[in-house]
Amino acid sequence: MAHPHLLAERISRLSSALEKGLYERSHAIRLCLLAALSGESVFLLGPPGIAKSLIARRLKFAFQRARAFEYLMTRFSTPEEVFGPLSIQALKDEGRYERLTTGYLPEAEIVFLDEIWKAGPAILNTLLTAINERHFRNGAFEEKIPMRLLVAASNELPEADSSLEALYDRMLIRLWLDKVQDKANFRSMLVSQQDESDNPVPASLQVSDEEYQQWQKDIGAISLPDPVFELIFTLRQQLDNLPNAPYVSDRRWKKAIRLLQASAFFSGRDAVAPIDLILLKDCLWYDAQSLNLMQQQLEILMTGHAWQQQAMLTRLGGIVQRRLQLQQQQSDKTAFTVIKEGGMFSRRPHYTLPPEASASTLTLLLQKPLKLHDMEVIHITFDRSALELWLTKGGEIRGKLNGIGFAQTLNMEVDNAQHLVVRDISLQGTRLALPGTAEDSMPAEIKQQLETLENDWRQQHTRFSEQQHCLFIHSDWLGRIEASLQDVGEQIRQAKQC
């Protein structure tokens, strides 16, 4: 067997060759290639004239000496047109009911059936057996069929509660395609002179029969780690609890997991990774509503749970809460304390600043950030003389929030312990402290917990970086996952700096 990374590189080059001359169809080609390499079926939904049939024709070139069968279904299609005509000679001479299958579906590796939902019951029943068992009953004999990929297409979905649902359930990958959208791609498509029948794949990249058979065994050996299974089970439970979620059979889950194994194998990995689970969005939907629902659920899973993002934020919240508790216990030691000077016959006490507050400008830290004047405030800068006047005579006190801009009016008081307390509009208050106490405000146990959490974050980010190579996942997903991890990392770093 080729080295995993060499195999991944080869499959990437093979896909690039198949995509040549097809515009905005890279994702569809890659998923159809994955389906072909793992022996699964694909349903393409979209209007006429958007290269659905060309996608299927291209996949034939992925294999050496592959045979293709293509047919447009109508209400009048007969089994003979799909599975081959009856042998008049065998029926006449030997009384045998036998089809001549050369050139028809039973002898093709790549099959494309357009307008699939127009097929009659006789075709559908035989097709179900072909998909499920890869066998075709030809008269008295069961013949094995070589089909590696079935691509079915239509511009509509099957009607609910119809006889077509059984066949629809067998189509593991479901892709909703549209016209070419980008202006440059549209122009390139219009002026392209490429012959659709040309083989764009070098012989060195084509898959041999021996390779294909060996890969089927290798795919089954790809492991499903417990953490990845837990993510899958979480998704299954979420879908079961949502009122409008599609029904997903156990058979479909099992086939989907094999597709994830194939994704891991052809990406050069020996185990399914969380990144592979994104493929489930193309496997578990039924209609437009469930397609959007699956997109949302997978985004929640990938950006919130797959790399422990939400769990790390929950831990961070617990650490911050514990730090606040410890800081509250130590607040009397760190809080800025003024000196009471008022006599017993004074109508109100007055205060003076302690000796250590001798600078002309004083910066005092909020022990807990507050939102003041629509700003998140962590420190306030006072003019020393203005603060002394307020401590002596009361009245209005102003300070620069975070040391910037004009001095703003503050709701500030001296509490019973002679500490300065500033309050926000909801009257939530926090004590002020000298900057020198800030470094000592974070207990050692909190520092250690934050260090451990940051190390865990680095491990998760490294895991994502190592696993993100997956040909079959759109790059947009990688950007969203990276952003979610960076957000967690930034919150941890901010907590360490507070």
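Using N, Cα and C of the backbone, Cβ positions are placed for all residues, glycine too.
Annotation for GLU196 (ADP binding site): same-chain Cβ neighbours under 8 Å, separated by at least 6 residues, are LEU54, ARG57. The ADP binding site annotation in Swiss-Prot covers TYR23, GLY49, ILE50, ALA51, LYS52, SER53, LEU54, GLU196.
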**Message:** Out of ILE50, SER53, LEU54, which of these binding-site residues shows the lowest number of other CB atoms within 10 Å of its CB?
**Reply:** LEU54
**Residues within 8 Å of the TYR23, GLY49, ILE50, ALA51, LYS52, SER53, LEU54, GLU196 Cβ centre (excluding the ADP site residues themselves)** = LEU22, ARG25, ILE55
**Prompt:** How far apart, in angstrom, are the most distant Cα atoms among the ADP-binding residues TYR23, GLY49, ILE50, ALA51, LYS52, SER53, LEU54, GLU196?
**Reply:** 14
**Request:** May I ask you to report the DSSP-based helix, strand or coil state of ALA51 (ADP binding site)?
**Result:** coil
**Prompt:** Can you count the other CB atoms that lie within 10 A of the CB of ALA51 (ADP binding site)?
**Reply:** 23
**Prompt:** Here are some binding-site residues: TYR23, GLY49, LYS52. Which one has the most Cβ atoms within 10 Å of its Cβ?
**Reply:** LYS52
